[in-house]
Amino acid sequence: MEIYTNEDIRPGVIAGQRIAVIGYGSQGRAHAQNLKDSGHDVVVGVREGGKGWKHAQADGVPTAEPAEAVRNADIIAILTPDMAQAQVYRDIIEPHAKKGAAILFAHGFSILYGRVAPRPDMDVILVAPKGPGDLVRREYARGRGVPALFAVEQDATGKARDRAMGYAKGIGGATGGLLETSFREETETDLFGEQAVLCGGAKELVMGGFSTLVEAGYQPEIAYFECLHELKLIVDLFYEGGITKMNEFISETAKWGSVVSGPRVINGETRERMREILAEIQSGQFAREWIAENEAGKGAYDALVKADSDHPIEVVGAGLRERMAWLHAPKTAEAA
Ligand code: NDP
Ligand code: MG
Ligand code: MG
């Protein structure tokens with residue numbers, strides 16, 4: 001697979017194009033600041049008085065009401081939560097975007113599942129950094145960058161690919177390495193990763209291990225350290241040097257235990273469930289259910305997320321983390 005860097009992208013490829021960033025949350029804040037520092041003409045579309053508006057004012061980034069920001073923009077980045085995008089497109093972008101503007105997403109959900117159907121005159125592109133907004137900003141500020149994916153869904157102007165690559169470069173994505181994908185591949189793999197492995201899978205593994213130890217009579221504090229706290233040390237090794245690096249650093253006993261017991265936890269049955277989850281993502285069933293849940297007022301969502309925060313591991317963890325001084329520096333970590 002080809003990985004593009006800054007040299008592969010013609011300087012000034014999106015010069016003179018006005019960029020409107022709609023939403024100033026995790027991604028919006030990082031994109032807008034990086035694009036501005038890269039010399040682009042950026043305006044942030046935020047609702048006056050809202051949290052995003054306050055942050056943008058404090059950061060000194062030009063702001064306008066969302067419809068006003070869209071009106072003169074050549075590239076419109078829609079960086080509001082996925083579930084808000086259909087309404088933002090319908091009420092703000094479709095009626096106000098100029099002919100031949102590009103609409104840019106950081107996740108393909110709204111397009112893949114037909115929630116947003118952009119006008120035929122518009123370019124439809126995606127630039128998705130592989131990291132949370134605060135890291136995208138921090139790495140850029142250090143002269144580095146977080147790798148990013150880009151894709152073109154609709155090329156109305158003949159310039160869609162240039163626009164996506166130029167924007168990605170402006171947020172530091174080509175410094176980190178830029179990979180080409182499609183809306184379908186980005187969306188389906190992102191949803192699968194967060195459900196089966198990163199957020200859903202890892203969380204259940206941690207909670208399941210904790211409960212097994214506590215039910216067997218071990219002290220919850222000890223179980224917390226073994227099943228949650230130390231996970232970071234292992235994940236850091238994966239991140240820095242893959243499975244091989246973890247194997248270089250753990251004891252022989254841990255390695256033997258991991259090769260004989262790991263496959264009993266994540267076994268053929270678990271992988272069958274993973275395939276099921278993937279099939280539900282591919283068929284659109286997951287998206288339909290999530291949209292229906294939103295339309296019904298998110299009662300089940302609220303109850304299930306609350307159950308997570310009420311889990312005994314959270315009670316014991318809060319007390320232990322209070323003593324870990326290094327954790328108290330402010331930092332956000334919305335990764336998925
Ligand atoms: P956030 O939840 O952080 O975005 C919140 C922003 O959207 C706020 O500025 C909020 O305004 C604004 N907003 C919400 N609803 C509306 C509305 N109806 N009209 C106008 N503005 C609105 O979003 P994320 O940054 O997490 O996600 C943005 C996109 O990036 C999504 O597509 C997501 O999948 C993708 N993504 C996110 C990643 C992440 O790390 N979070 C990683 C990669 C992709 P206000 O302040 O006024 O409430
Ligand atoms: Mg993700
Ligand atoms: Mg995601």
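From the backbone N, Cα and C atoms, a Cβ is placed for every residue, glycine too.
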Among Gly133, Gly143, Gly145, Gly158, the candidate listed by TrEMBL alongside Tyr24, Gly25, Ser26, Gln27, Arg47 for NADP(+) is Gly133
By a three-class reduction of DSSP, Asp190 (Mg(2+) 1 binding site) is assigned helix
Per DSSP (three-state), Ser251 (substrate binding site) is coil
Spacing of the two Cα atoms, Ser251 (substrate binding site) and Arg47 (NADP(+) binding site), in whole angstrom, works out to 54
Across every protein chain in view, the count of C-beta atoms other than its own within 10 A of the C-beta of Tyr24 (NADP(+) binding site) is 30
